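**Q** When I checked Swiss-Prot for this same protein, it listed these features:
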DOMAIN    70-296  domain 'RNase H type-2'
BINDING   Asp76, Glu77, Asp187  divalent metal cation binding site
Amino acid sequence: MSDQEDVVVKKEKKCIENIDENDEEPDDVDFKDSGKISSLKALGPFIAGKENSRNTVYLSDVPDICKDKPCMLGVDEAGRGPVLGPMVYGISYCPLESNKALEDLGCADSKQLTEGKRDIIFNDINTKEYATSCVGWAVEIISPNTISTSMYRRSKCSLNEVSMDSAMGLIQQAIDAGVNIAEVYVDTVGPPEKYQEKLLKRFPSFKITVAKKADSTYPIVSAASICAKVTRDHALKVWSFPEGLVIKDNEFGSGYPGDPVTRRFLTEYIDLVFGFPRLVRFSWSTAENALADKAYDMEFDEPDSEKPKYAGTKLTKFFKGTTKSGEIIREECRFFKQRHLESVMEF
């Protein structure tokens, strides 16, 4: 790290410390009870209060100006590639005339920003008057459990489909909240043309642009990217293990398959019968290979694809027939016939 980079990192750390010192928000319980994320400090407690096996959606308050004036909306994700943790989709929106606010925030591709810088921008989005008056945002935390079950179910749902459904769901929730959307900018998953066609079919009245590297081209997408990335980072920091595991910070690494710390975590924290803790995406080849190498092999009988044919028993089968006088002859019970038992007395 160069001397200049070292100075920048130190400044960012100082800013984060100032956020903690100057933030006079209520305690963790109030964060969870209010359901509002009003600063960076509130993000972790909010996430910690949610069930991490289920998806969580959060929408900020909509600035009044976003209800009245035409807005641009950006969409991006964080955590698509890792084998560990959730994938987070984020949106951010502001009036078409409010580019200055995005510039003042310093919005840029979240992957090119340090963690400290992302945290500072996220905090400013939620605390600075020039931002809260015209910028809104929302995220969906898509659990590893949802990702795995979607990709493993009989009618498989690919990660691209999960991503597109989340993006469209967040756009729809912004519409329902009253945001006056005019333009939408999306960082693509898969071919941009197909994604754009799908979005236009769902939202035909919007001007929609789907592009590669949109987070480094459009500041509104950069803002969405920052919200998504900061949310994912904090989701990992406050992750609760219902399996009862005690995991130290950073013991599972970045979560990316190529990270040796992550690979070691997958090797050490594997149950030979039940597999991995809920943090892991079972559907990733890295996890599948680790299970194949270490876990017990399981065999399950394949259910018959054809439904069995049941012949209904007719009521007349229980009777032998009738006598000449028309009296019905009742069939003897199989239990007595097999044991050669018969009635010796008439009652």
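Heads up, the Cβ atoms here are built off N, Cα and C, so glycines get one too.
Tell me about the surroundings of these features in the structure.
**A** There are 29 other CB atoms within 10 A of the CB of Asp76 (divalent metal cation binding site), with all protein chains counted.
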**Q** For the divalent metal cation site (Asp76, Glu77, Asp187), what does the 8 A shell look like? I mean other same-chain residues with CB within 8 A of the CB centroid.
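**A** Residues close to the divalent metal cation site, other than Asp76, Glu77, Asp187: Val75, Ala78, Tyr89, Gly90, Val186, Val189, Ala214, Asp215, Val221, Ala224, Ser225, Ala228.
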**Q** For Glu77 (divalent metal cation binding site), list the number of other Cβ atoms lying within 10 Å of its Cβ atom.
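**A** Within a 10 Å radius of the Cβ of Glu77 (divalent metal cation binding site) lie 24 other Cβ atoms.
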